[in-house]
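Annotation source Swiss-Prot lists active site at Asp371. The feature ATP binding site is assigned by Swiss-Prot to Ala315, Pro316, Gly317, Ile318, Arg319, Gly320, Met321, Lys336.
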Amino acid sequence: MPRGLELLIAQTILQGFDAQYGRFLEVTSGAQQRFEQADWHAVQQAMKSRIHLYDHHVGLVVEQLRCITDGKSTDADFLLRVKEHYTRLLPDYPRFEIAESFFNSVYCRLFDHRSLTPERLFIFSSQPERRFRTIPRPLAKDFFPDHGWETLLMRMLSDLPLRLPWQNKSRDIRYIIAHLTETLGEDALPRCHVQVANELFYRNKAAWLVGKLTTPDGTLPFLLPIHRTDEGELFVDTCLTTTAEASIVFGFARSYFMVYAPLPAALVEWLREILPGKTTAELYMAIGCQKHAKTESYREYLCYLTESDEKFIEAPGIRGMVMLVFTLPGFDRVFKIIKDKFAPQKEMSAAHVRACYQLVKEHDRVGRMADTQEFENFVLDKRQIDPALMALLRQEVPEKITDLGEHIVIRHLYIERRMVPLNIWLEQVEGQQLRDAIEEYGNAIRQLAAANIFPGDMLFKNFGVTRHGRVVFYDYDEICYMTEVNFRDIPPARYPEDELASEPWYSVSPGDVFPEEFRHWLCADPRIGPLFEEMHADLFRADYWRALQTRIKEGHVEDVYAYRRRQRFSVRYGAISSTANSS
């Protein structure tokens, strides 16, 4: 290869990333217009399009590089020089951290995820000590109650870029002050002030004002979800001021925010104070930089390995029929491998399972489906694998592992947030905790269905409980769109003997689902059955599911709230006009 080509390749990769992030910002910048026009289907399409941008631009760069090198193979020294040139381009580059991840992606695409070493890739950042020397403009604006909180909030809401009229701004301000007074106390409120991000965070059918509430005792989140009525008038739906509430809003089971962030690292640092429980990976994920979040997630995993002497073990819970799941006892993630052979009742292919996981990545997860990161050629040190797990790997996934002596390479796996399996949780709790868990499970089913997702296998073992007590679905091999399912009532038995027969007396076609049958396995436990019948009996009726299908087919997009219904101002303080119920 001629000298000088290394720099050209490095520049080509960085220019490719520039193009990708430019398009990322372009799609993001349309969020305000989509919100103002209530174009909810465009919101969903933009979310999918933005996710696809990254891989699309990686592919474009790879094709460019193949043209530049004329398809000739490149030796290791040549690639090291390319990385050296690329590293020299980054010190003055505003998005250096994501540019490093983009370089990694291009390399992996070129070399089919082989030879993934720190020398060739940015496994760790080339500039870990660097922070933001200059920010072109402030990320946030401060508001002080010099003339009282009513004036402060009036200025804050009037300062928003939204061009729609308010339904009743004075009312919303009264509600916010009432909440803050209840939370902080009347004496403390005058000594507090707010810092608000310049950019709104858009997701689903809401525009979130995200801020920091500085009190005499510390800093709290200050989150206002702003909605629009069918008539195009704005209203504030609630005010959230605890770290737990903020953590749920920015949770791993939710779709990525659309927030205009030309300097994503600066925004991540700004968010860290009000989301202290979130890792760097989770913060990048929340603002839509999911590929760099994968890089950060892998770095967090490597750091954990260096600080721990734990061994990988099979994950607790009922063993899956499609996925082999393992973990580290103290790590908050699980590793999931698609088995070489599935249980006989699972009539599907590995390609189908991967397609289901991709569907979840692109779909609105409504706070009820865990996000995943996908890895290829994942290396594990044999010394860190428990012998029982090693035997299980050789038994269940021999075609997906390569033995390199001291290490094994797993051809493909997913990493996902670790949760307590719901079936285990239900065995351990009672009283109000049991009631809350059953309510959460039913709500998860309803919200998934309203978002056009049918879980397929709704057994408790396929759901997990987060640290905030939320129930989240994580077994995706049987999911499908609601509109693909035929919900049927079980026909009346022709004869008494029919109900005792081992085979049904009625025909069953692919895609047929009989909600009445859910009762047999959801209500078998006498502790659970009465609670389920009380709160979610309509889930056993086919007409409930068919009514949801009708709404979906008619184009309705349901509201998705990242907080309890009882927290809405309309429930707490008074009735917001019924026109606020969007269709």
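Just so you know, the numbers here start at 1 and follow the chain as drawn.
Glycine is treated like the rest: Cβ placed from N, Cα and C.
Overall, the recorded ATP-binding residues Ala315, Pro316, Gly317, Ile318, Arg319, Gly320, Met321, Lys336 cover a maximum inter-Cα distance of 14 Å. The highest number of surrounding Cβ atoms within 10 Å, among the binding-site residues Pro316, Gly317, Gly320, is found at Gly320. Most Cβ neighbours within 10 Å among the binding-site residues Ala315, Met321: this distinction goes to Ala315. In the three-state DSSP classification, Lys336 (ATP binding site) falls within a strand. In this structure the alpha carbons, written CA, of Lys336 (ATP binding site) and Asp371 (active site) are 13 Å apart. With respect to Cβ neighbours within 10 Å, the binding-site residues Arg319, Lys336 differ, and Arg319 shows the lowest count. Secondary structure from DSSP puts Gly317 (ATP binding site) in coil. Between the C-alpha atoms of Ala315 (ATP binding site) and Asp371 (active site), the distance comes to 18 Å.
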